[in-house]
Amino acid sequence: MARIGESTDLLKCSFCGKSQKQVRKLIAGPGVYICDECIELCNEIIEEELAEVADLGSFELPKPREIFDFLQEYVIGQEPAKRSLAVAVYNHYKRIQAGHAPKSGNLGDGGHHDDVEIAKSNILLIGPTGCGKTYLAQTLARRLNVPFAVADATALTEAGYVGEDVENILLKLIQAADYDVKKAEQGIIYIDEIDKISRKSENPSITRDVSGEGVQQALLKILEGTVASVPPQGGRKHPHQEFIQIDTTNVLFIVAGAFAGLEEIIGSRSGRKGIGFGAPLNEASKKADSYGEVMPEDLLKFGLIPEFIGRLPVITTVSNLDRDALIQILSTPKNALVKQYQKMFQIDGVELVFDDGALDAIADQALERGTGARGLRAILEEVLLPVMFDLPSREDVASVVITEDVVLRGAEPTMIPHVTKRRKSA
C-alpha cells in the first residue's frame with residue numbers, strides 16, 4: 001500500500017516497471033508490486049515447465065520387442081544388432097523417465113535403490129560399410145520421435161586446430177530440434193567413421209595427434225554428460241560471442257565405424273589363424289563372425305583410448321549383407337527402394353515394374369562393387385536415368401518394365417502404351 005500523501009501514479013510493477021495506469025491490475029505485497037501481465041507470464045512459464053516434465057513422464061516408451069518389430073519393418077537382416085539396440089535404447093529412455101518420476105518405495109525391495117544413479121550406456125556399432133548402421137539409428141530415432149543428428153568423426157579436430165570442434169555435433173542436434181534445447185537434451189547423436197579417429201599407435205605418442213587421440217579426449221566429456229557451450233552459428237568459439245548451454249547427460253550417443261583390420265586383431269588374440277592353402281578361405285568364412293567376438297582389449301589395440309572405450313559400454317556388430325538380403329532390401333521393407341521409384345513414376349501416371357531377373361542383377365552388381373546396400377540406389381539411378389529423362393515428355397506410356405537385360409546390357413526397357421478403346425462404327 002502507498003503511504004498517505006504518496007501519489008498513486010508512482011506505483012509501479014516491481015518486475016516490468018509499468019505504472020498502475022499502464023496495467024489492468026496491480027497487486028501489492030510487502031514492499032513489492034506485481035501487475036496482471038507479469039502474473040500471466042509467470043503462469044505461462046510454470047505451465048510450460050510442468051508440461052515438459054509431464055510429457056516426459058507420460059511418454060509411452062515402446063518395449064524392446066516393439067522397437068525390434070518396428071526395425072524389422074524397415075531394416076532387413078542384422079537381427080542381433082536390432083536386439084541389442086532395442087534393449088539399449090529402451091534402458092536409456094527408461095533411465096531418463098526414472099530420473100523425472102516421483103520417488104516411491106514400491107521397488108520390490110522396500111525402495112532401497114532410490115539413491116542409486118543409473119549411468120548412461122552409449123552404443124558402439126561395428127560393421128562394414130553399406131550394412132545399415134546409419135539407417136538403423138535413423139529408424140530408431142523415428143520410432144521414438146526424438147531429435148536425431150548425424151556427424152562425421154573425420155571432420156573433427158582438437159580445439160584450437162583447423163577443423164570442427166566437437167561442440168558442433170551438439171549444434172546439429174539443437175538444429176534438428178528446431179533450437180528447442182530441452183528437446184535436444186533427450187535426442188540421439190550418431191557419429192560415423194569413429195574408427196578414423198583411432199590413435200596412430202597403441203602406445204601414447206609424444207607428438208600431438210589432433211585428429212585422432214585428441215578428438216577422443218575432446219569427446220569424453222560430452223559422451224559422459226556435461227553442460228556444453230555451443231556457438232549458435234557453429235564454427236570456432238571466441239570469447240565475445242553468446243553460447244547455447246546444453247546438458248548432454250541424457251543425450252544418447254551411437255558411434256559407428258567399419259574398423260577395417262579389427263578382425264586380424266581379434267584373430268591374433270583368439271589364436272584363430274589359418275595356415276597353408278586353406279587359410280584365405282578360412283579367414284573369409286569367419287571374418288563376419290569374428291566381429292561378434294570383439295573385446296575392449298581389441299579396440300584398445302586398434303587405437304581407441306581406454307577412457308573412450310569405457311564410455312561405450314554397449315558394443316554391437318552388423319555383418320555383411322548377402323545376395324538374398326540385398327534383393328529383400330530392394331523390394332520388401334515399407335520404404336524399399338523399388339517402392340520409392342514406383343511412387344515417383346506413379347506421380348507421372350506410369351506403372352514401374354521390375355522382374356525377378358532385374359532385381360537379381362542389381363543385387364549382383366552391388367556385391368561386385370562392394371558397396372553393400374548403399375550402392376543399390378546408385379545402380380537404380382543408372383538404370384532408370386534414361387527412362388526418367390524421357391518419360392515426363394510422353395503421355396502414351398502406361399507402364400515400364402525393367403528386365404535383366406536392361407540392368408546388365410543397357411537394353412531399352414519395355415514401354416507398354418495405354419490401351420485405347422475403339423469407337424463402334426454406326
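Using N, Cα and C of the backbone, Cβ positions are placed for all residues, glycine too.
The DSSP secondary structure for C38 (Zn(2+) binding site) is helix. Taking Cβ-Cβ distances under 8 Å and a sequence separation of 6 or more, the neighbours of C38 (Zn(2+) binding site) in its chain are C13, F15, C16. Residues or ranges marked as Zn(2+) binding site in Swiss-Prot: C13, C16, C35, C38.
In the three-state DSSP reading, K133 (ATP binding site) counts as helix. For K133 (ATP binding site), the same-chain residues that are 6 or more apart in sequence and have a Cβ closer than 8 Å to its Cβ are L125, G127, D192, A256, V318. Here Swiss-Prot flags P128, T129, G130, C131, G132, K133, T134, Y135 as ATP binding site, drawing on sequence analysis.
Here Swiss-Prot flags 1-54 as domain 'ClpX-type ZB'.
Each residue contributes its Cα atom, and for T134 (ATP binding site) and C35 (Zn(2+) binding site) these two points are 53 Å apart.
A distance of 61 Å separates the Cα atom of C131 (ATP binding site) from that of C35 (Zn(2+) binding site). Neighbouring residues of the recorded ATP site, listed in sequence order and excluding P128, T129, G130, C131, G132, K133, T134, Y135, comprise G127, V318, G372, A373, R374 (Cβ within 8 Å of the Cβ centroid).
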